[in-house]
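Record features, source Swiss-Prot:
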ACT_SITE  CYS100  active site, nucleophile
ACT_SITE  CYS197  active site, cysteine persulfide intermediate
BINDING   GLY9, ILE10, SER11, GLY12, GLY13, VAL14, ASP15, SER16, MET35, GLY124  ATP binding site
DISULFID  CYS100-CYS197  disulfide bond
SITE      HIS125  site 'Interaction with tRNA'
SITE      GLN342  site 'Interaction with tRNA'
Amino acid sequence: MENKKVIVGISGGVDSSVSALLLKQQGYDVTGVFMKNWEEDDTDEFCSAEQDIADAQAVCDSIGIPFKKINFTAEYWDNVFEHFLIEYKAGRTPNPDILCNKEIKFKAFLSYVHLLGGDYIATGHYAQTRLAADGSVQLVKGLDDNKDQTYFLYTLGQEQLRQTIFPIGNIEKSKVREIAKENNLVTFDKKDSTGICFIGERKFKEFLSKYLPAQKGEIHDENGIKIGMHDGLMYYTIGQRQGLGIGGVKDRPEVPWFAAKKDLENNVLIAVQGHDHPLLFKQSLQAIELSWVAGMAPADKFRCAAKVRYRQKDQSCEVEVNQDGSVNVTFDQPQRAITPGQSVVFYIDDVCLGGGVII
């Protein structure tokens with residue numbers, strides 16, 4: 001451990017702050033690096049980003065480690081944001097956080113860490129690594145089940161995991177804040193960031209409309225009867241209730257409407273009434289662009305658990321790997337609001353096997 005150099009991604013939040021502190025306490029040679037991934041385009045966002053940088057700098061000064069900044073805005077635009085726009089244009093709902101981990105934090109940043117002569121990269125993710133009996137590295141759920149972030153990390157392979165440390169993966173979130181407070185880190189009570197990394201807290205619709213032209217269209221019920229108008233299919237996600245703008249439809253009960261399907265060919269959004277409407281449920285899905293943590297699927301056909309969204313409880317299923325590398329997943333119980341563009345991630349107990357993109 002002595003003299004092993006660890007470069008920590010410091011975001012200005014409490015998780016990465018405590019990660020850096022713990023590594024320093026464990027005797028590593030630690031450097032904190034702030035990654036700038038987005039050129040702010042409004043004043044509020046600029047102020048928020050400036051605050052994050054100031055907090056990151058303050059934390060590093062307080063711990064007594066060097067602080068650096070690196071700009072990945074070009075890489076982010078090319079490898080994350082453009083893909084994000086293509087997916088939305090195609091009517092799917094992508095997960096940019098997964099792509100950001102794959103392309104920026106564990107690729108561009110990892111290359112930068114090598115340039116700095118770092119032995120390891122560290123982040124404030126709630127995840128763990130474990131050495132398996134065969135010598136491979138497993139990606140394991142964080143101890144705090146409510147905060148586990150392996151769903152966003154399933155694209156990581158052996159090479160990346162061997163060079164990665166997750167210092168807070170075996171700690172509860174409440175304890176992380178406690179450690180920050182005890183050590184007088186300015187971020188101890190900073191609220192967790194929400195929203196997509198580059199949009200921050202802004203209104204999603206407003207943001208997307210700056211980059212993609214929206215085409216308005218009709219909203220139909222499951223029988224093809226027009227019940228309203230939509231602002232553009234890209235603004236809606238399967239299972240969504242808020243913002244459909246359907247209210248008081250003649251001769252219909254006062255039951256909430258939910259987005260159930262996108263008819264891209266005719267630019268029609270299909271909506272149904274009731275949270276548990278059968279059209280919102282599916283028992284199977286197909287996924288492409290598979291990533292397996294171990295480098296390959298466990299078998300051509302296997303049983304495991306899966307999540308189709310972050311923080312969903314593990315769902316029992318059977319996975320069949322096709323010759324082209326895609327998978328068919330059949331769940332024991334029908335799943336609500338399976339969303340094309342989102343990821344399905346597979347687990348056996350607390351080990352993340354990998355995942356893919358739902359089509």
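From the backbone N, Cα and C atoms, a Cβ is placed for every residue, glycine too.
The two recorded residues, CYS100 (active site, nucleophile) and GLY9 (ATP binding site), show a Cα separation of 13 Å.
Its Cβ taken as reference, GLY13 (ATP binding site) is surrounded by 20 other Cβ atoms within 10 Å in the chains shown. Proximity note: of the listed binding-site residues (SER11, GLY13, ASP15, MET35), ASP15 have a CA within 10 Å of the CA of HIS125 (site 'Interaction with tRNA'), given in sequence order. Taking a C-beta cut-off of under 8 Å and a sequence gap of six or more, GLY9 (ATP binding site) has these contacts in its own chain: SER16, VAL33, PHE34, MET35, LYS105, PHE109, ILE121, ALA122, THR123, GLY124. Within 10 Å of the C-beta of MET35 (ATP binding site) there are 24 other C-beta atoms, taking all protein chains into account.
Taking the Cβ of ASP15 (ATP binding site) as reference, residues of its chain lying under 8 Å away and at least six apart in sequence are, in sequence order, GLY124, HIS125, TYR126, ILE168, VAL176. Taking all protein chains in view, 23 other C-beta atoms sit within 10 angstroms of the C-beta of GLN342 (site 'Interaction with tRNA').
Residues GLY9, ILE10, SER11, GLY12, GLY13, VAL14, ASP15, SER16, MET35, GLY124, recorded as contacting ATP, have a largest CA-CA distance of 16 Å. DSSP assigns SER11 (ATP binding site) to coil in the three-state reduction, outside any helix or strand. Counting Cβ atoms from all protein chains shown, SER11 (ATP binding site) has 23 others lying within 10 Å of its own Cβ. There are 23 other CB atoms within 10 A of the CB of the residue listed as 'active site, nucleophile', with all protein chains counted. Taking CA atoms as the reference points, GLY13 (ATP binding site) and GLN342 (site 'Interaction with tRNA') are 26 Å apart. A gap of 25 Å separates the Cα atoms of GLN342 (site 'Interaction with tRNA') and SER11 (ATP binding site).
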